[in-house]
Amino acid sequence: MDSSGFFKKHKILVFFVVALLLRISLLFYDYSFDVNNHIAWAKDLHQRGFMNFYTTRSSEVYASLYPNYPPFALFVFYLLYPIQSLLKNIVWYLNITFPFFPSQLVFFVESRAFLAGIMKLPGLFADLGIAWVFLLFAQKFFLKNLNIQKLIILLVLFNPVYFFTSALWGQIDSISIFFALLAFYLLLERKQAMTSGIVFTVGLLVKPTVLVYLPFFLLVVGKKYGFSTLLKTVVIAAVFFWLAFLPFTNFITNPLYPYTIYLEKIIAAQSLPYITNGAFNLWAMVGGFIGIKDTAPFLLGVSYRWYGYLLTGIIYLLLLLRLWKFKKFYFYVLFLGSFASFMFLTKMHERYTLLFLTFAIASYLLDRKLLPWVIVLSLTSFLNVYHSWSVPKIGFIMNIQYNPLYSFFISLLNLIIFFILLGKFLASKKGA
């Protein structure tokens, strides 16, 4: 079989391979400030161990004095850290044994940039994992429509928001989103409620950002499988969550340690205390990026934070009621709920666009008319993440992106799109 014949027969496999190669090509180009935290925490875990890790100051301080990522993220960093040393020994052996071996490769493998690239690998594979779960859904809904299957994975594999955030920037948001998406697949298509609860908890133990999906997840479990299954799922997930913190402390003295640490050292410390941390949302329009604290009074003496809770809470209530009434709105509700969180909650980071963009793409499986909106939101999301980390320098964007009107109008566009789609959704009489 010639190469063109192979491509036609295995297009989906080729897409995954090309997407993987694209991401590998970006691994060592640059890395963000946050990756230094990942490296420092991994080093500290190897040198000092896990006990009392969350209450011990990091040996290298970058954005945070203390570790503020959940256990599973730290486990991943811990496992990746020795890979550099292993590869360095292999490269040294090859360099000594074979005279023609390129010696410069030794210095590269020893560099911090190489270690940073290794730390990016889980996010890279999580992107592919998200596309894989989408393919599973597409094969379920459109068994014979290969074009839909191809398009749904292309919207992830070659979407710049995904590969920019994971392979270039080095963020790990796609890992937690992958586990949340997989949990919904197990829940909706495999009828494995309790297993899906554990998988969803893994997502929470990587990054707490997937909490925005939790109310909908719990409602779906309760609605589809009953209160008894919901209770069992919550209990099993809570025990699994508790066990994940086992290496970090002696639970005999404080059995509530996992929950207090998660609330105080992880959720509370996850973001800078500002109305927006780079997100193009309502608060970017109201106050820009001048460092207004979200606890400051806004209108009638009420803080920005509480207005965010109020607006998001109202929208969540409307969506939950809609989800209770109709059974096939799962993806759309997850999309609009996470979109509302991004637009109205304070302290949002720009990369949290992935939270709603992922389920916007998922919603396309059930509503083909969403494709133009997915494309526009992919564009605004990319402009948002690039605004916060402008690598590489793209001249014409660099020339305009620091004008306050730039972020204002993109935020306004996001807001308009949100209310258009929310209005259409609430006005729809369909149950699918």
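Cβ atoms are placed via backbone N, Cα and C, with glycine included.
TrEMBL: automatically predicted annotations, no manual curation.
The transmembrane segment feature in TrEMBL is assigned to 12-29 (among others). Sequence-distant contacts of the transmembrane segment (12-29) (same chain, six or more residues past either end, CB-CB distance under 8 Å): 6, 113-114, 116-117, 120-121, 124, 127-128, 131-132, 135, 149-150, 153-154, 157-158, 163, 166-168, 391-392.
The feature transmembrane segment is assigned by TrEMBL to 61-81 (among others). If one looks beyond the transmembrane segment (61-81) by at least 6 residues along the same chain, the residues whose Cβ comes under 8 Å of a Cβ in the stretch are 33-34, 36-46, 53-55, 115, 118-119, 121-122, 172, 175, 202, 204-208, 244-245, 247-248, 262, 265-266, 269-270.
Same-chain residues lying 6 or more positions outside the transmembrane segment (90-109) and placing a CB less than 8 Å from one of its CB atoms are 84. If you look up TrEMBL, you'll see 90-109 (among others) marked as transmembrane segment.
Sequence annotations record features per position, and here TrEMBL assigns transmembrane segment to 121-143 (among others).
Per TrEMBL, the feature transmembrane segment maps to 155-186 (among others).
As annotated by TrEMBL, transmembrane segment applies to 198-221 (among others).
Residues 50-54, 70-72, 193-194, 196-198, 200-201, 204-205, 218, 221, 225, 258, 261-262 of the same chain, all 6+ positions outside the transmembrane segment (233-252), place their C-beta atoms under 8 angstroms from a C-beta of that stretch. Under the heading transmembrane segment, TrEMBL lists 233-252 (among others).
The transmembrane segment annotation in TrEMBL covers 272-292 (among others).
Below 8 angstroms of C-beta separation, residues 215-216, 219-220, 223, 275, 282-283, 286-287, 292-296, 298, 329-330, 333, 336-337, 340-341, 344-347, 422, 425-426 of the same chain, each at least six residues beyond the ends of the transmembrane segment (304-323), sit close to that stretch. TrEMBL lists 304-323 (among others) with the feature transmembrane segment.
Under the heading transmembrane segment, TrEMBL lists 329-349 (among others). Within its own chain, the transmembrane segment (329-349) is flanked in space by residues 184, 188, 212-213, 215-216, 220, 271-279, 281-283, 294, 304-305, 307-309, 311-312, 315-316, 319-320, 322-323, 355-356, 359-360, 362-363, 365-367, 388, 414-415, 418, 421-422, 425, 431-432, which lie at least six positions past its ends and keep a Cβ under 8 Å from the stretch.
Residues annotated as transmembrane segment in TrEMBL: 370-386 (among others). Within the chain carrying the transmembrane segment (370-386), a Cβ under 8 angstroms from the stretch's Cβ atoms is held by residues 155, 159-161, 164-165, 169, 278-280, 350-351, 353-354, 356-357, 360-361, 363-364, 394, 397, 401, 410, 413-414, 417, 421, all 6 or more beyond its ends.
The transmembrane segment feature in TrEMBL is assigned to 406-427 (among others). Note on the transmembrane segment (406-427): residues 280-282, 284-285, 288-289, 315, 318, 322, 329, 332, 336, 339-340, 343, 373, 376-377, 380, 383-384, 387, 400 of its chain, located 6 or more positions outside it, place their CB under 8 angstroms from a CB of the stretch.
Outside the transmembrane segment (198-221) by six or more residues, the chain places 69-73, 76, 172-173, 175-180, 182-184, 186-188, 229-230, 233-234, 236-237, 240-241, 244, 262, 266-267, 270, 316, 319-320, 323-324, 330, 333-334, 337-338, 341, 352, 355 with a CB less than 8 A from a CB of the stretch.
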